[in-house]
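As structure tokens, the structure follows; a few thoughts come after it.
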Amino acid sequence: MTIAAEPPRRAFRPSQLINDSRYRGLTIQVVALLLLAGLIAYLGHNLVVNLRALGKDFDFGFLGNRAGYDIGQTLISYTNNDTHARAALVGMLNTLLVAALGCVTATVIGVLAGVLRLSKNWLIGRLMTVYVELFRNVPLLLWIVLVHAVLSNATPIPAEFRGEGATASMVFGVIAFTAQGTFIPWPVWGEGAELLTVVLLLSILAALVWRSYARRRQMATGRPLPVLWVALAILVLPTVLAFLLLGRPVTFDVPTMRETGIARFNGGVNILNSLVALWFALALYTGAFIAEIVRGGILAVSRGQSEAAFALGLRPGRTMRLVILPQALRVIVPPLISQYLNLTKNTSLAVAVGYADLRATLGGVTMNQTGRELESILLLGLFYLVVSLVISGAMNVYNRRIALKER
Amino acid sequence: MTDAALAPPPPVSGEVAVQITGMNKWYGQFHVLRDIDLTVTKGERIVICGPSGSGKSTLIRCINRLEEHQSGQIVVDGTELTSNLKNVDKVRSEVGMVFQHFNLFPHLTVLENCTLAPIWVRKVPKREAEETAMHFLHKVRIPEQAHKYPGQLSGGQQQRVAIARSLCMRPKIMLFDEPTSALDPEMIKEVLDTMIELARDGMTMLCVTHEMGFAQAVANRVIFMDQGQIVEQNTPREFFNNPRSERSKLFLSQILGH
């Protein structure tokens, strides 16, 4: 038995770095890396020199100083005696609040509009087309300003709610839409409220247990059990019963018009028009894009799939739920992630209506008062980057779970 | 030769499975099916052939109402197909269909493909549905693939799964829409063998195909269609050896000529 001689090896020549496909890629990468490093070093040096010339340093110490300004809407307690860091946190939470509200609402609107746009009903289909084209072809900023203008100008001022000759009245006697915002009742936790919470949590658990029991039972006997109605009953009845038995431990602080003095509402919680405007405009605008993504996803599933399901005797609703949507999701989720990221970053358009998001607190008042542009903008960018990466990371995990298995 | 020669051969047994009378269908202005009259008795194996665009597929797709007809009458196993959704559901759960491109559900395993309809339409317990599915997967000789996904199987295997999936609903009638046209030559035989076995078990079958060997082996009637009409129907032996109409002669010379 002989062993084949190795092919003759030729000595390495420098010209191979450019001409040889084995080395050329490496050469290009090394050169590109060196150029990039040089560029970054140059910009960094430039920054240091210019900051020194201006007499500025690079320091995050200002975050510990007193902020000294008020914020209209806060999710956590905050006064103007708190630090800039606390103000930034308030802004951060406000950004996350409007982003979360927007993503959920946009998804609901988008899925509904997307499915309905495929409807055979001429009127519904056309209406959805009008919605989609109208909202995605006009800049978001215009929609935010428009919704805010409608909310602020079409609603009455608080004074109109007062007295015998009031020209405005509260919806159901508890909610007041005013030019200054929407006043809604807010729950007040009294004695025994903890027990009520426990009951509520237990009934949520019980409803979930019922759902899985119904599914197992259907698999065992073939007979489907009613899930929705029973689950609703389990959710509502024990909580209502406990609420009454415990002597109404939770009361609602209802907004009321002051009898005398300046006309304003006492009690309840005021949801500023700027938040509602931003929320609705973001949801409607992004919802139009999501509608198109959902429609495209459903259309991407071949007609043969629904025909096969019909031929087996499945009804259209079941076909959609069991056959079409699970496959459409694979096409829908990746672009949906982009829309969530867009919406989250678009919350910075809050500047148009004066909503106190992170850009308005840290990137606005704080930056102007302290003159710490570099630090503020860096933190601001870092925040949006981290939030976006977390969203896309979580969604990618979901996407991998629903991916199709081939080979 | 008179028209009597074009008449169908006597049925196998008396009971009617599908009765189509004076049926017409249009796609917009295009008249796809013209005055179709067809009676299929229980246990009959019918092969439908004809040039492409002659309306063969459309005809069998009308039988489970994947296509709606505009005039005439279609009665399947005693139920007339109208816009009444209850009737449509009833017919669809009695009639199985196998497609040219298999149309398996790619997000479900082979076993789940087979149990989906029995569980949700027939309301069969899952265990029982799985036993039935395994029975039919044995019958089409791929029980070992039960837990794989359709994308992991060859074309021939996928088509056999599709046949098993239809059989799991225990249909009385099976429709085949060019079941071997999308397959590589070496896979056609495994699918045809499965279909021949099914025919031997006495299933009522309507099969759109150009596999003339299959027609000669199992069909008791060949229907030749052209331009939306049933031009000729006869036993396979008579049809192949002694075609009556000019159009079927031309068709046969084209597909058998090489």
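Including glycine, each Cβ sits where the backbone N, Cα and C put it.
Please treat TrEMBL annotations as automatic predictions, because they have not gone through curation.
Feature annotations, courtesy of TrEMBL:
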| type | residues | note |
| --- | --- | --- |
| DOMAIN | A:92-395 | domain 'ABC transmembrane type-1' |
| TRANSMEM | A:26-44 | transmembrane segment |
| TRANSMEM | A:96-118 | transmembrane segment |
| TRANSMEM | A:138-157 | transmembrane segment |
| TRANSMEM | A:169-189 | transmembrane segment |
| TRANSMEM | A:195-213 | transmembrane segment |
| TRANSMEM | A:225-247 | transmembrane segment |
| TRANSMEM | A:276-301 | transmembrane segment |
| TRANSMEM | A:377-398 | transmembrane segment |
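Listed as Cβ neighbours of the transmembrane segment (A:195-213) (distance under 8 Å, sequence separation of 6 or more from its ends, same chain) are residues 225, 227, 230-231, 234-235, 237-239, 242-243, 246, 249-250. Using a Cβ-Cβ cut-off under 8 Å and counting only residues 6 or more beyond its ends in the same chain, the transmembrane segment (A:276-301) has close neighbours at 98, 101-103, 105-115, 117-118, 128, 131-136, 140, 143-144, 146-148, 151, 181-182, 323-325, 327-332, 335-336, 339, 342-343, 346-347, 349-350, 353, 355.
In this chain, the transmembrane segment (A:26-44) lies out of contact with the transmembrane segment (A:138-157); the count of Cβ pairs under 8 Å, excluding pairs fewer than 6 apart in sequence, is fewer than 3.
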